[in-house]
Structures are given as structure tokens and as C-alpha cells.
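Here the structure is laid out as C-alpha cells; the discussion comes afterwards.
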Amino acid sequence: MSWGKLSPKANNVMIICHALSGSADVSDWWGPLLGPGKAFDTDKFFVVCMNSLGSPYGTASPVTAKNGDYSQGWYGADFPSTTIRDDVRLHKLVLDKLGVRKVAAVIGGSMGGMHVLEWAFFGKDYVRCIVPAATSSHQSAWAIGWGEAQRHAIRSDVKYKNGRYGFDDPPILGLEAARMTALLTYRSRDSLERRFGRDTGNKKKTQQQDSKTIPNNGTPIHSQGGADETPVAFDRADSNFAAQSYLRYQAKKFSDRFDSNCYIALTNKLDTHDLARGRTRTIAEALSLIQQPTLVLGIRSDGLYTLAEQEQIARAVPNAKLREIVSDDGHDAFLIEWSQLNWLLIGFLHENLPDIMQRAAL
């Protein structure tokens, strides 16, 4: 998807990279940053977001019809493995087709941050500056372990059938268990404790505060939200605590909009991420090849892609600076702390893209 206009010189492109379960519709998950006068200024930038391979929201994935014909079935578990690097190379071909000559900035968090770092290797003459947030230079053993636990939950569902399930009877329980596990890595202990504690809660109150909506065309990434709002009731006799109700509701909301084989494909993709692969002997050497001005955004309470990992990136990239998103909400803070993000991004863009930021609207 795109917003704004491509400049006559085709050099004002801003690429936004989505996270694991997001889509190309930036307005659904980073909406407060998109628009005139905001970080993703549509009066000045041609803002572009493209879906990753394996995502159910576009490009190609396990839910893609074979030969474009669903009567022949869909790829399902036979969908080939893809990497972060594959996505970036594919997206570069799209920009080439559009006649883009130069990318002004690439911005993304989590899985999107991995894409951002890969974009940098096209060189500073093509990509002018980058902003990786809450991400890593390579998938850590810690993150690989969490991904495997989630895949195991899906594969343990009797309806998974080695990935040969039908759309009419998918392995919902396995996907919901995977989502619950993931949600706990996206938040922090203090965040959940502050929000729920040992509250058993009033069911109606819990519905109003935590159930909110299911997005019918849904694309929120880790946090809840979305454009279409459909009220949902949630009632489980064994939901004694508000934290349980929250996890079960969010898992159900996710299973209504996502596919299990896609989830497996995308989490496997994360595990392939390694900037040094095929390039250098070490991660530090690979990062040292990134020459663009780089704003690394980290979150001290992030237990999935830790602040230490952001510090590693900032130390090794020659022209990088690290800024902290202040929040106790964990990994998801990069999707929540919009005012901080807007301020940090606008400052960085003014510093490194004055020719675009200071000119009149297109």
C-alpha cells in the first residue's frame, strides 16, 4: 500500500516494514504516525509498505491458491521457506518497477526492523537513512526458542494434520495457544501486573476494557485495535482472573484473522535472520558495513529483543545513535508510545533529510 506522491525525481520514498502479524496497511498499526505533519508525512514522502512472503495479507503465502486457482488447492504446508532477505529483494524489484531511484528512509520494528537492516545493504547511495526499532541483527537462541514453542502448540493441535487442514476446519486451538505464548513475550511482567494484578474483574467491565473489537479486515500487529469494530462477548466459566480473560480474548481475536501455516512460515522466517550469513565472519563485521545514518530504537523493558541487542547494533554501525523508548510495556512499546516515536523520528528525519523535510508539500 502507499500514501502520498512520488516526487518528480523519484527520490522521496519512505519504506515502512511491518512486524510478524501485520499487513501493508500502516494506518491500522502505526496510524498516529501517518499523515501530514507527522513522522510519516504524506505531504512530503511517498510512503510505501509491502507485505512479507508468508503473510496471509498479501504477496504470496500458504493461503495462496496454486496456479491462481483455488480449485487446485492452496500451498499450505508446501509453501517454500523464505527469508527476511528474500522479502527485501522482492520489494526492491517492486520499487524498480515503479521507477524509484532512491529511498529516503526505511523504518520498522521487530520483524520489520530486521527488514530495515537488510535494506541498508543496498548501500547509502540508494537508501539514505534507516530506523530499526526493537529488533536484532540476528535471531537469538532466546527468540528461536519462543518461536519453536509457538509452532509446537500449533502442530500439537489434532486438526493441524501436518499442515493439510482445510479452511473450513483449521487448527484454531493450536493457533490460539501460540498467540497467548507470543503475547506474553510482547509485554512485560510489570505491564501485566499494573493492568490486571490479581483482579478477577467484572465480566462486563472486562469486556468493555479488554475485549474492545475484532478487526474484520484486521491487521493490527501485536497490540489490539483496528479499523472495523465488531463488539464481541467473551464468557468462560473458568476465567477466574482478568489476565486469563485478556489472553483468551486476544487469542480468539487473532485466530479469526490469521492462518496457522502462515504463522509457522513467518516464525521460521524470523529464525533465518542473520546479517552475517553469506557476508562476513561475524555480526559486528556485517553491521560495520552499514554506512547510512541510523537511529536505533530500544526499549529497556523489552524481554524479546532486548535493549542489549539494540546497543550491539548501535555500537557496531559506524553512523548510528541509540535512543530509548521509555515504557514498561515491553516489546509492544514500539506500537504504543506514539508520541515518543513521532518526536524521535521527526527529529532524525529533519537532521538527515533536510531537503525533503523543509520543502513544500508535493
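We count from 1, first residue shown onward.
Just so it is clear, glycine is given a Cβ too, placed from its N, Cα and C backbone atoms.
Features as listed in Swiss-Prot:
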DOMAIN    12-335  domain 'AB hydrolase-1'
ACT_SITE  Ser110  active site, nucleophile
REGION    195-232  region 'Disordered'
COMPBIAS  208-222  compositional bias 'Polar residues'
ACT_SITE  Asp302  active site
ACT_SITE  His331  active site
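When pLDDT is averaged over the domain 'AB hydrolase-1' (12-335), the result is 91. Summary: among the active-site residues (Ser110, His331), the fewest other C-beta atoms within 10 A of the C-beta are counted at His331.
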